[in-house]
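S.K.: The structure is given below, and queries will be raised subsequently.
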Amino acid sequence: MANIASALLILVLAAAPAAYAATTYTVGDSSGWTNFGDYTTWASGKTFAVGDSLLFKYGSSHSVAEVSKADYDSCSTSNILKSYTDGSSTVPLSTAGPMYFICSTPGHCSGGMKLAVTVVAASGTPSTPTTTSPPVSDGGSTTPPTTTTPPPPSKNNNGATNILYNMMLGVFLVFGTTVALMG
């Protein structure tokens, strides 16, 4: 009986990390972080979760700057939150909510070298996709579309904590079963 319980414990511990496997997303896939990418299309359909990471691969004429939404919208580099210049930068997604990235080389962001992602809690379900209202025409001028981003998930729903709790619960259940079978 002890051998069965030991085997079960090993099985539970081996399978526990698979409950949540973090993903590293290479921004722009094989093209990387370049002037020619369509990063809105690249990000669409992907669910970025806490624990995942973004890998930016780029040449020496580029950089990665994490910025606020206002600086993302205006392609401003005046208030950079974090900056990366090593050509292969991994950015951990450690907090649920929106994140914004631009290339700080003059003209690159306004040319489309910018990325916005919404990070969801690790155990949460994907958030509602960003919606864009159609342009409004008033005769001769057109108002640009507006973008609405859903609010980030509640901070009370911490995916890492839930995973750790579930793993510990499984270990204690297996341990309790082992003790009961041995006694």
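Placement of Cβ uses the backbone N, Cα and C atoms for every residue, glycine included.
In case it's useful when we look at the structure, here is the feature table from TrEMBL:
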COMPBIAS  123-146  compositional bias 'Low complexity'
DOMAIN    23-121  domain 'Phytocyanin'
REGION    123-158  region 'Disordered'
SIGNAL    1-21  signal peptide
TRANSMEM  163-182  transmembrane segment
S.K.: Kindly state the mean pLDDT of the domain 'Phytocyanin' (23-121) in the predicted structure.
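M.R.: Mean pLDDT for the domain 'Phytocyanin' (23-121): 95.
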S.K.: List the helix, strand and coil residue totals of the domain 'Phytocyanin' (23-121) as derived from DSSP.
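M.R.: The counts are 14 helix, 35 strand, 50 coil.
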